[in-house]
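Undergrad: I'd like to ask you about the structure that follows.
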Amino acid sequence: MQQLTDQSKELDFKSETYKDAYSRINAIVIEGEQEAHENYITLAQLLPESHDELIRLSKMESRHKKGFEACGRNLAVTPDLQFAKEFFSGLHQNFQTAAAEGKVVTCLLIQSLIIECFAIAAYNIYIPVADDFARKITEGVVKEEYSHLNFGEVWLKEHFAESKAELELANRQNLPIVWKMLNQVEGDAHTMAMEKDALVEDFMIQYGEALSNIGFSTRDIMRLSAYGLIGA
């Protein structure tokens, strides 16, 4: 952590190199929050008994998006939103397909586990090397993301027995996509003093803990995590 903090002091947040990388990373977090906003609205339709809670989560994601848009404006950076839409296209399409088929378990794994863990990992690694304005915004966001992760964990734990097979299939289909996403931004993340290995480690810790909380054994988690290597 100290090493990263020292690196942040050396970063020139106004340099064209940094701002170029930031235009894509900032777009990814903006689009990620927009995806989450829309996904929770869809989940509210699929889970009417949890409608109000899911709409509350969707509104929080929209608020997060506005915060990250302000981070871009603070550095005079225009986010590359087209890049970000393509970046999320794999998970986006899989979520839409699952929702159309009424596969709530798959939708929850994609949004409430994979996307939330991806976001938490990215924010955890970014905070020590962020500019002061973005650090304050991101610290506030990451605290709320844990509550979003918790919703998925609680629901899936309560329905674990009947959900396990679908969870395993959804994991196999979607975890490799995360690895491809991480590979895609490795260069830009490095420019911003965020190392891919640290992002992978934090993601796997968050994701493994979530799977454990749902009810998977340690052996199960190791097996499920190995599917990510397919996309490495």
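Cβ atoms are placed via backbone N, Cα and C, with glycine included.
Straight out of Swiss-Prot:
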BINDING   E33, E61, H64  Fe cation 1 binding site
BINDING   E61, E116, H148  Fe cation 2 binding site
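Could you place the listed features in the three-dimensional structure?
TA: Counting every protein chain shown, the number of other Cβ atoms lying within 10 Å of the Cβ of E33 (Fe cation 1 binding site) is 24. Reduced to three states, the DSSP call for E33 (Fe cation 1 binding site) is helix.
Around the Cβ of E61 (Fe cation 1 binding site), the number of neighbouring Cβ atoms within 10 Å comes to 25.
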